[in-house]
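Database features, via TrEMBL:
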- 157, 178, 215, 241: substrate binding site (BINDING)
- 216: Na(+) binding site (BINDING)
Ligand code: CA
């Protein structure tokens with residue numbers, strides 16, 4: 001090699017090396033962030049707690065580890081039912097919970113989770129993502145400094161564990177039952193004494209007889225919780241929770257501090273969690289139901305008398321809430337219109353298919 005060529009090549013090499021070394025200083029990487037995320041769930045309920053883990057894992061992966069979110073079980077940082085306040089007040093930047101725990105603050109939060117005799121999984125997602133649901137809910141949350149995302153769904157739940165059979169509305173009267181959300185309000189109108197307990201507090205209450213009945217989620221979670229050891233009648237369908245959405249809450253100020261890229265990543269991670277949780281439940285519930293039946297659990301369907309009375313009370317309650325609160329009314333009207341059209345479509349096709357193919 002001639003000396004001139006060598007010098008030329010060396011110069012190029014040096015320039016390239018300099019550029020490589022200098023690059024990180026010129027293009028500053030996104031800042032490192034570490035957030036804590038209280039949840040409403042015991043870690044043992046890995047599917048529902050998994051919704052929070054999916055959000056954390058995916059955000060970490062999509063940011064190359066620069067944005068780290070640490071989930072905590074209910075009770076570790078704050079009580080399972082205190083996630084809303086913790087995020088609203090900015091004590092923590094993020095939380096994973098179920099919005100219907102907070103209908104005492106505004107009954108419209110029920111729409112974010114589920115309504116008795118409301119939407120199924122497909123309908124719930126179609127309403128939230130495609131028919132103004134998320135936007136309408138965001139207006140309600142804005143009063144509380146929270147930005148909300150769907151981040152999990154259990155699908156249609158089971159109808160709970162009872163020590164004694166309940167064949168009629170008369171059998172429900174006087175029972176003490178753990179059941180949250182508007183489902184609890186409907187049960188109350190049917191004569192049930194309602195309690196709202198976080199997931200970790202239910203079994204001891206049922207075992208000690210503080211409550212006579214409880215609902216939780218479905219076969220996979222309920223078997224883990226061990227309810228079958230103290231109540232053998234397992235009812236379905238869980239008419240009060242046809243497809244509850246679990247929610248990711250982000251404190252407004254914390255949200256505004258994120259770059260547009262990180263905001264998009266959080267939103268995408270929540271959507272993944274929303275889908276993955278349903279996949280996990282649909283994977284785990286079939287075997288768990290078989291296992292419970294082998295353990296002697298008695299499956300029972302709610303009688304038409306109970307279902308019809310509950311449905312009547314539910315829609316009576318919605319009319320009262322709509323009359324009392326313009327926010328609730330606006331969401332309810334949008335939701336009802338979507339439901340009517342969607343029910344008609346699904347009953348034309350989906351129900352006919354299911355009725356033929358899914359016979360027990
Ligand atoms: Ca439930």
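Including glycine, each Cβ sits where the backbone N, Cα and C put it.
No curator has checked TrEMBL annotations; they are predicted automatically.
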At a 10 Å cut-off from the C-beta of the residue listed as 'Na(+) binding site', count the other C-beta atoms across all protein chains.
24
Can you list which of these binding-site residues (157, 178, 215, 241) have a Cβ closer than 6 Å to ligand 1?
157, 215, 241
Setting 157, 178, 215, 241 aside, what same-chain residues sit with their Cβ within 8 Å of the center of the Cβ atoms that define the substrate site, listed in sequence order?
158, 159, 160, 179, 180, 183, 214, 216, 217, 238, 240
Binding-site residues (215, 241), the one with most neighbouring Cβ atoms at 10 Å:
241
Max CA to CA distance in Å over the substrate-binding set 157, 178, 215, 241?
14
